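Before any comments, here is the structure.
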Amino acid sequence: MSLSTAAVVAGGAVRPDAIRPADLRFCGLRREALGIRLLSASPQAAAAAKRKVLAAAATGNGAAGSGGFDYDLVIIGAGVGGHGAALHAVEKGLKTAIIEGDVVGGTCVNRGCVPSKALLAVSGRMRELQDEHHMKSLGLQVSSSGYDRQSVADHANNLASKIRSNLTNSMKSLGVDILTGFGTVVGKQKVRYGKVGFPDNEITARNIIIATGSVPFVPKGIEIDGKTVFTSDHALKLESVPDWIAIVGSGYIGLEFSDVYTALGSEVTFVEALDQLMPGFDPEIAKLAQRILINPRKIDYHTGVFASKITPAKNGKPVLIELIDAKTKEHKETLEVDAALIATGRAPFTKGLGLENMNVVTQRGFIPVDERMQVMDADGNAVPNLYCIGDANGKLMLAHAASAQGISVVEQISGKDNILNHLSIPAACFTHPEISMVGLTEPQAREQADQEGFEISVVKTSFKANTKALAENEGDGIAKMIYRPDTGEILGVHILGLHAADLIHEASNAIALGTRVQDIKLVVHAHPTLSEVLDELFKAAKVTGIPQAVSEPVAA
């Protein structure tokens, strides 16, 4: 992920002096703590008012769209991003339809985040049961551990089905029209959709959001058979657990599957094109992660090499992987393994959307958008009433980023300008232990500091000093923060350790709200909890600049 200087002005944070009193929102408890009067007479009245708004929105979605359009908003793609946008749109009183060409939930629910977490839950339990030393240290005895492959696969599939059903029901209950077929933008504020072999339908919409997501990227020379050479889409079905599997790519997807396969008994070989494993992570975190997640396990690796050709297993022969040097392109060796997982990233699913009808040209398949997710045409102009969110625009290929972008767009078309700070969006890798991050890596922060002429500081804390982690004998891990000592601005936070994916949100919220280190270090954390890892991290920071005055809260 490349970051331009313009996109990361002041680390992307919202400065406190840029926030207007009218923009402040408080939960009920926070209002009472600050002595602010509530507008509603009682909790019952507030709940009744909310039900009235939602009922009106759902009812309104059955009426004609405003301005003579069939809909106020049509969303092409029913993944997590489209779902989040649809629900927020109905809440805003917009007549909304969502077009799904495959299944509701998209990649995240059906072929990504959700089923993979089910498999990772299994791998976590297996690791715990197999760690005899860890069990004995807690005074526990486990005679043996095992698993049933089909039951594990069923757990992942059943979870995906349940979440998919929940998403569908939530949209139907609020009155979102779910239209089946592949959507195409055929003109200004016009969309055509339909199933193959059936007549197409054409509808009009005041605004259109493209949320078509992505598919696994398979480099040239790799032959996929779905059985012995496969992508994450196939791997999540867990049709087999090979004795020896090569994983091409050591990013999020590759790391998580290495955790699953090694826990279930496989040996893993990583094939990484760059000179180091986990190239997308902060280098210091990646180095520690290698020591914890790779070196002690049945994993070896080849770095600085491309898999130029991969041939599936046939006629009793193993999978063949031809490796070439990434720089010289000379042949290095040929691996013979039982299976190969291709985890080389994802490609946007943007073909056939009719973008040429709007003079839009994709960039490496991604749809160009501005900071408000509005689609840009070939001449660099924003296309009116056309937006793109999620993996299809390539800004940040995470399910929750897609949802946040969709909500941001709905805010804009509802009359409130909203620009999403992508540097405040956290990411996580659900290995055991977990890795999480938000904001800039240390090299990115140093590059920005050099360009803009400021200093950065780095502080770290260890899980080994945390009471809760020690109580669970899970002391491996660190938290790291990069910040500006002159202003206290948080530029990035990276965590490797127990429940890192949950802990990161305190830091991401601080970046989103523009909270400075000198302020957040004064907040209270419960003891003994893992949150104290971050408490100690914030307290370790030294701010040299003059503390900024905090304005008095004002009732909205």
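Heads up, the Cβ atoms here are built off N, Cα and C, so glycines get one too.
TrEMBL annotations: computationally assigned, not manually curated.
Record features (TrEMBL):
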- His527: active site, proton acceptor (ACT_SITE)
- Lys117, Gly183, Thr212, Gly213, Ser214, Asp391, Met397, Leu398, Ala399, His400: FAD binding site (BINDING)
- Gly249, Ser250, Gly251, Tyr252, Ile253, Gly254, Leu255, Glu256, Glu272, Gly345: NAD(+) binding site (BINDING)
- Cys108-Cys113: disulfide bond (DISULFID)
- 71-406: domain 'FAD/NAD(P)-binding' (DOMAIN)
- 425-536: domain 'Pyridine nucleotide-disulphide oxidoreductase dimerisation' (DOMAIN)
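Positions of the features from TrEMBL, shown on the structure.
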residue : record                       : Cβ within 10 Å
Cys108  : disulfide bond               : 26
Cys113  : disulfide bond               : 19
Lys117  : FAD binding site             : 15
Thr212  : FAD binding site             : 30
Ser214  : FAD binding site             : 23
Gly251  : NAD(+) binding site          : 17
Ile253  : NAD(+) binding site          : 23
Glu272  : NAD(+) binding site          : 24
Ala399  : FAD binding site             : 23
His527  : active site, proton acceptor : 10
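Listed binding-site residues: Leu255, Met397. The one with the lowest count of other Cβ atoms within 10 Å of its Cβ is Met397.
The shortest Cα-Cα distance between Gly251 (NAD(+) binding site) and any of the recorded positions Cys108, Lys117, Ser214, Met397, His527 is the one to Met397. Here the CA atom of Leu255 (NAD(+) binding site) lies 13 Å from the CA atom of Lys117 (FAD binding site). Using a 10 angstroms CA-CA radius around Cys113 (disulfide bond), none of the binding-site residues in Thr212, Ser214, Gly249, Glu272, Met397 qualify. Its Cβ taken as reference, Gly249 (NAD(+) binding site) is surrounded by 24 other Cβ atoms within 10 Å in the chains shown.
Distance from the CA of Thr212 (FAD binding site) to the CA of Ile253 (NAD(+) binding site) is 20 Å. Here the domain 'Pyridine nucleotide-disulphide oxidoreductase dimerisation' (425-536) has a mean pLDDT of 97 out of 100. Take the mean position of the Cβ atoms of Gly249, Ser250, Gly251, Tyr252, Ile253, Gly254, Leu255, Glu256, Glu272, Gly345, the recorded NAD(+) site; other residues of that chain with a Cβ within 8 Å of it are Ile247, Phe257, Met278, Ala343.
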